[in-house]
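The following features are taken from TrEMBL:
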| type | residues | note |
| --- | --- | --- |
| DOMAIN | 1-143 | domain 'SMP-LTD' |
| DOMAIN | 137-258 | domain 'C2' |
| DOMAIN | 316-433 | domain 'C2' |
């Protein structure tokens, strides 16, 4: 961080008025009127910033040549019989399409201090995001009254498990990309989450969990961007994707594969940049027992992360009525996996045959099991069951690989990766899974969960 402080020395908006190029009325089912105005402004303001850096340098910086295009939202609410017929008006920048400006040090060259231009530009953009961009809104009371219901407040929590990505575009000339993900709902520095970097891998497996506060489930969306870590150099974008929070059913886990594109605004992108797998859960505030655990009746699941003791919203009381620490439950248990069969495996040798076997791996503990080899079969039947002791089921995953046994080695035939969320919630299920990394082939599995929850004070 190079900036110590940034303050306005002068601020006038100039003589050029903004142009409104479109007006629309939004039906939102509330007792009010919501209006959206599309605005374009190529202004001539006079803005001078007083900048102080940690290097001890103080200098005035002029902001010039501002160009802005966006959509402003005005909310008139509540409607009343008294003129002007509404109690208050809210305004917010609903969508920021374009924001361009130039920075110039008065009497000097801003490039003499490395990184200063980028730091100021980033701070200005963050300030716009944090102060006025929807769902942040400014409230102007028109008539006396309580308008606290119009204020920005959390309405729910979004749980995101970043599972894996596959077939990422290789950005390196030598070796493979080193991908990491940046995930956010609001593009504010303190609310953006970053995954760890997986080196030299185009099919990375992260298995990382993140949590986001949601302020408006009807308009906000989750954004994920995958980058290639270039070390000391700036990272290169591999691809990005987004998903509307309104597409999620509250209280229900959704497993999605999102196609990566070059730009979220311009969708004309036919290049294959890879896909990313997410496991999502949106829980509105006040939603009782987002999940019921049918196998341990004393516990209810309110999110992917927390299994809280029912009755006092996860808080236990001592005899004098004072509150003590909430006790979180680690989802511990035994996972039984039956490898039933595989179908239509791709041939692995010149004779059009294969000698397949299956390797099962728990990612966190790296414990392994494998089936017997089935000779000369592209539709093998194993019907073998393996038990794994899982210490933290909501943060672990099962990797199942199919290999071809060969006298002189082995050949990879594909894999499938499963989080344990579904089997923890359902207790038991049977399903067919396609093999990633294979031209053809599916795997038939039966999973069963025997829970043994343990406490951990939080």
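Glycine too: its Cβ is placed from the backbone N, Cα and C atoms.
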> With DSSP helix as H/G/I and strand as E/B, how many residues of the domain 'C2' (137-258) fall in helix, strand and coil?
Replying inline: 9 helix, 55 strand, 58 coil
>> Per DSSP, what is the helix/strand/coil residue tally across the domain 'C2' (316-433)?
In response: 9 helix, 64 strand, 45 coil
> What average pLDDT does the predicted model assign to the domain 'C2' (137-258)?
Replying inline: 89
